[in-house]
């Protein structure tokens with residue numbers, strides 16, 4: 001029986017993993033085995049939030065070396081990660097400058113400057129990408145406006161997965177789905193926008209032409225001497241997660257739920273109308289020529305930070321306690337900039353509630369309940385926005401990723417959005433990474449065939465919406481909070 005062994009390196013903003021997938025091609029039976037899981041934490045050094053790229057590389061190699069020591073010869077290796085962040089290299093392939101994180105505060109206020117100079121409408125028409133203060137466009141504006149001798153040394157700019165491609169193979173490539181998150185890619189031409197680069201002062205030579213998922217990057221020399229193929233997958237983890245979401249129709253929306261919540265639809269055409277701009281909808285690159293028409297939501301980052309700050313170890317007990325509390329007592333707008341990276345998340349939540357005349361959540365369970373209720377309401381808002389944009393309602397929400405394990409939040413989403421919710425698979429980005437490799441190898445015919453295979457190999461859990469009494473009043477409260485003009489004066493900017 002023919003077998004394909006595939007390695008997926010899946011790097012998230014808080015953790016990473018090296019996974020081994022085995023596909024028995026005759027039966028289409030797919031299994032996953034976790035080889036190595038590791039944390040990915042921000043490092044605050046030289047007054048900036050940075051990624052520890054050396055630690056990530058060590059962990060990637062730890063997983064790959066373990067597979068090699070097992071005597072397994074992978075047919076391919078693929079890497080995906082979060083978007084917008086980049087690495088600069090000199091002519092010799094050595095890193096230049098700091099590996100900044102998108103949560104670093106050096107971009108505070110930069111987006112306002114750029115949009116004032118270029119115009120939001122003009123930028124959106126060119127790129128179709130939502131306005132987030134940490135987009136690569138604004139990171140590079142901050143970099144180039146504070147010039148140093150380092151800039152003269154730069155020869156290459158690589159997104160995070162492409163940097164690790166380079167470290168494994170020595171090949172310099174730029175994969176399309178991650179490049180699309182930069183807000184520097186032409187929506188129409190799917191290549192770099194020269195006018196935006198000129199505005200920044202970024203030389204075109206820094207950037208390779210984007211390649212599509214499935215591109216053969218090169219070979220990794222394993223300790224055993226084996227030469228293992230490295231394939232460019234949909235290297236933006238959300239793009240891979242969408243591949244790994246077994247959507248049942250074009251009337252289904254996906255929600256990749258983790259540190260970030262990314263909700264959207266799969267579309268053959270982008271949406272960059274004034275209505276889409278007003279909703280801050282993004283059109284990121286997908287596989288097979290599709291667009292990921294979606295919206296970024298702050299996601300479980302809020303809960304992760306609260307748990308970290310308050311040393312909460314038993315997440316299950318916290319969720320159970322939160323579920324027992326009255327619903328919608330205290331609400332926040334999770335996408336308020338103050339929640340991007342405050343010194344204290346629980347204090348930022350309390351301050352927000354106090355400023356908006358709401359009960360202040362004090363206990364751990366009250367904080368968690370506030371986060372869950374607010375996220376569910378924001379999910380409803382985006383579901384409605386997507387339906388209006390496509391002139392057809394969203395009829396089902398498919399939740400994938402780590403957050404899909406939260407049964408309480410899944411049911412809350414179904415109740416608040418008033419549509420059925422399907423949850424799973426948990427490792428959607430890993431599976432999408434694997435799917436891209438299997439399609440490149442010809443082991444799976446196409447995206448539809450891969451998703452069909454997923455439904456037969458990984459269980460899905462269905463949540464049916466229940467009627468919520470007095471919901472209309474809570475919804476009006478949240479809608480008022482989500483309007484920018486309701487933010488107290490001087491409180492919109494990210495907390496320093």
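Glycine is no exception: its Cβ is also placed from the backbone N, Cα and C atoms.
Note that this is a predicted model, so its numbers are computed, not measured.
Residues annotated as active site, proton acceptor in Swiss-Prot: 237. Look at residue 237 (active site, proton acceptor): DSSP puts it in a helix.
The feature ATP binding site is assigned by Swiss-Prot to 13, 14, 15, 16, 17, 259, 304, 402, with sequence analysis given as support. Counting every protein chain shown, 20 other Cβ atoms lie within 10 Å of the Cβ of residue 17 (ATP binding site).
Positions annotated as substrate binding site by Swiss-Prot, on the basis of sequence analysis: 83, 236, 237, 238, 296. Sequence-distant neighbours of residue 236 (substrate binding site): residues of the same chain at least 6 apart with a C-beta under 8 Å from its C-beta are 80, 81, 82, 83, 177, 178, 180, 181, 284, 285.
What Swiss-Prot records for 353-370 (among others) is disulfide bond. Over all protein chains present, the Cβ of residue 353 (disulfide bond) has 20 other Cβ atoms lying within 10 Å.
Summarising the annotation, Swiss-Prot assigns disulfide bond to 413-417 (among others) and lists sequence analysis as the type of evidence. A simple way to gauge crowding: the CB of residue 417 (disulfide bond) has 23 other CB atoms within 10 angstroms, across all the protein chains here. Annotation note: residue 417 (disulfide bond) sits in a helical segment as assigned by DSSP.
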Sparsest-packed among the recorded positions, when each Cβ's other Cβ atoms within 10 Å are tallied, from 13, 370, 413: 13
Of 16, 83 (the binding-site residues), the residue whose Cβ has the fewest other Cβ atoms within 10 Å: 16
Using Cα positions only, nearest of the recorded positions to residue 402 (ATP binding site) (238, 353, 370, 417): 238
Three-class DSSP secondary structure - residue 296 (substrate binding site): strand
Mapped DSSP class for residue 15 (ATP binding site), helix or strand or coil: strand
